[in-house]
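Per Swiss-Prot, the features are as follows:
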- R285: active site, proton acceptor (ACT_SITE)
- 10-15, 33-48, E376, 391-392: FAD binding site (BINDING)
- H236, S250, H352, R386: substrate binding site (BINDING)
- H41: tele-8alpha-FAD histidine (MOD_RES)
Amino acid sequence: MSQSSIIVVGGGLAGLMATIKAAESGMAVKLFSIVPVKRSHSVCAQGGINGAVNTKGEGDSPWEHFDDTVYGGDFLANQPPVKAMCEAAPSIIHLLDRMGVMFNRTPEGLLDFRRFGGTQHHRTAYAGATTGQQLLYALDEQVRRYEVAGLVTKYEGWEFLGAVLDDDRTCRGIVAQNLTNMQIESFRSDAVIMATGGPGIIFGKSTNSMINTGSAASIVYQQGAYYANGEFIQIHPTAIPGDDKLRLMSESARGEGGRVWTYKDGKPWYFLEEKYPAYGNLVPRDIATREIFDVCVNQKLGINGENMVYLDLSHKDPKELDIKLGGIIEIYEKFMGDDPRKLPMKIFPAVHYSMGGLWVDYDQMTNIPGLFAAGECDYSMHGGNRLGANSLLSAIYGGMVAGPNAVKYVNGLESSAEDMSSSLFDAHVKKEEEKWADIMSMDGTENAYVLHKELGEWMTANVTVVRHNDKLLKTDDKIQELMERFKKININDTTKWSNQGAMFTRQFSNMLQLARVITLGAYNRNESRGAHYKPDYPERNDDEWLKTTMAKHVSPYEAPEFEYQDVDVSLITPRKRDYSKKKVAK
C-alpha cells in the first residue's frame, strides 16, 4: 500500500489542531486554506476559552460545565460528546498554557478565569481580549514543527471546490483552485477533514470575516453530506453597528462588569439585571439578544430612537480595562472615536455564529465515508444556542477528535487513494474547470454583489432574532428568485489570475443553497428553542421537536429534504430554561 495521507481544509483552530494530532501519529498532512492560516477567522475571537479548572474554589467541575452547556443549548445537543468535551477542557487549557499561550494570570501566578454568559462560575481562561489570536498563533507554531519535519505541507491561497468521491461515494481526495494563477488541481488523500468555519456572510453584514461564506460546507452538502440544525444561528447581543460590517464587542466586557442599559422615563434602565437577577448581564446570548431587540424594536427605547443600547464600562478602573480588555477598547476607539473608559459604548445585536453545520457522528465523521468535519462547520456541540467561550473549546476539541479518528479510519482502509485510477481525479477536475469556464463567460445584466446584498437584507430581516412563518416562506421565494437571477450575472472582470469577483460569484451560488436549508429548517420547526424564536410558537416543544434537523440536498433548484433524528438526552433530563433564578446544584 502506498504512503497514506490526510487533507485538512481550513487553517483555523479546528484545522490546525486536527493537523497537529494527525501529524503526531506520523501521518502526512496537506493543509489547505483560502487565506494564510494566521488570517483564519479564529484570529478574531476575543473573550476566552472555557474549562472547569476551578482555581477560584467555586465548586466548579466538568459536570457543571457540561450541564451549563446542554442547558444553555436548550437540550438540542447530543449529550455524550458534549460531556467528553467538557471533561477534556481543563487539560486542553493546560496544553495551550504549555504551548506558550500568554494567558492572563492572577497576582499569585495562577491562570486567571473570567465569568461568561450562562454560568455562575469563573471558568473562562483568556489572553486579554485577543484570545483567538494567541491560540491560533500558538497552534501554528506547533504545525510549523511538523512542516520542518516534512510531515505537513501548507497550501495557502487555495480554495476548496469539492471532495473527490469514488463509485462507492467514499471520499478519496479534493479538488482545489490556486487563487493566484486560477489553476484547478486534484489532490489524493485517504481522509479529508473539513474545518471551514461558519456561513455568516449569507446574512450580509455580520461579525464574521468576509471569507466565512459557508461555501465549502455547502459544496459537500450538495455532494450528499447531511447539514444539521442549519436554522440555529447565533445573534451576538453586543456589536458595533457599521455600514460595512458589524464589529464584535466581546461578552468579556460584561464578564468584567460591563452593564447593558438604556434610558426609560429619563432614567438609566438596566433591563437585563432587572429581569434576570441571578445572571444579570451574563444571561445566554439568545436571551440577551431578544431583550435588546425587544427594547429597541418593540418598545422603541433605543438610544435617541435608534436601534442601539449602551454597554457601559465607564465605572471600571481604566488600568484594569487596558489589561483585560485592551483588544476591544482599541477596536471601539478606532471605529467609533469614543473612549469606552469614559463613555458607554453603543451596541446592537449582530449575526455571529452557526450552531448548525455538517452532520457528524461521535467520531466527527460525516455520512460520507472518509469525510470528517470539525469546528464551527460541524453541528455537534452547541445545540440550539452556544455559550460564550465554548466556541474556541469546541473548535480545538473537534480537531483533537477528528485528527486521530481520521488516522484510525485511514489505517483501516483496504485500498489507498494513491491506488485509485487517475481518471477518477481527472473527471472531477474537468467538471470544476467547466463550471469555472461557465462563470467566467457569464454575460448578463445582474451583479453578484447586488444579489448578495439583497440576500443578506432578507435573511437578516426575517431569519434572525424573530421568525414568522409567512416571512420565512417569502424569504424562500426570494432565494429562489435570486437563483434565477444568478443565471443572468455579468462577470465584467475576466482576469485570468486572482479573480476576486468570479470567485465570489461561485461562492454566492453555494451560499444560496445553504440559505434555503437555514430558512426552510426554521419554517418547519414550529417551536421556540435557543436562538430559534417564533412568537406564534413561544414555548419549547420537546414532544415533537427534541430532534436534530437533517437537511439532504436533492437538486440545485429543489427544496432540501428534511429528516429528523432524536437527540441523545441520556445523561441529563431536559428541563425548562429559567435564568431569573440561580441554578439548583445537581
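Glycine is treated like the rest: Cβ placed from N, Cα and C.
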Could you give the maximum C-alpha to C-alpha distance in Å for the residues H236, S250, H352, R386 that bind substrate per the record? 14
Spatial hits near R386 (substrate binding site) (Cα distance within 10 Å) out of the recorded positions G10, G47, R285 come to R285
Shell of the substrate site beyond H236, S250, H352, R386, same chain only (C-beta within 8 angstroms of their C-beta centre): T207, Q234, P237, L248, E251, R285, Y353, G388, S391
Cα distance, S250 (substrate binding site) to G10 (FAD binding site), nearest Å? 24
Specify the secondary structure state of A14 (FAD binding site) as given by DSSP, simplified to three classes. helix
Using CB atoms and a 10 A radius, I'd like the single residue among the binding-site residues A14, V43, L392 with the highest neighbour count. A14
Among the binding-site residues listed here, G10, G47, which has the most company in the form of other Cβ atoms within 10 Å of its Cβ? G10
Using other CB atoms within 10 angstroms as the count, which residue among the binding-site residues R39, H352 scores least? R39
Would you mind reading off the Cα separation of V35 (FAD binding site) from H352 (substrate binding site), to the nearest angstrom? 20
Report the same-chain neighbours of H236 (substrate binding site): residues 6+ apart in sequence with Cβ closer than 8 Å to its Cβ, ordered by sequence. T207, L248, E251, R285, T289, P349, A350, V351, H352, Y353
When distances run from the Cα of S250 (substrate binding site) to each of the binding-site residues A14, R39, V43, G47, the nearest one: G47
Using a 10 Å radius around its CB, how many other CB atoms surround S250 (substrate binding site)? 27
Using DSSP with the three-state reduction, classify R386 (substrate binding site) as helix, strand or coil. coil
Reduced DSSP assignment, L392 (FAD binding site): helix
At the Cα level, what's the spacing in Å between A14 (FAD binding site) and H41 (tele-8alpha-FAD histidine), rounded? 11
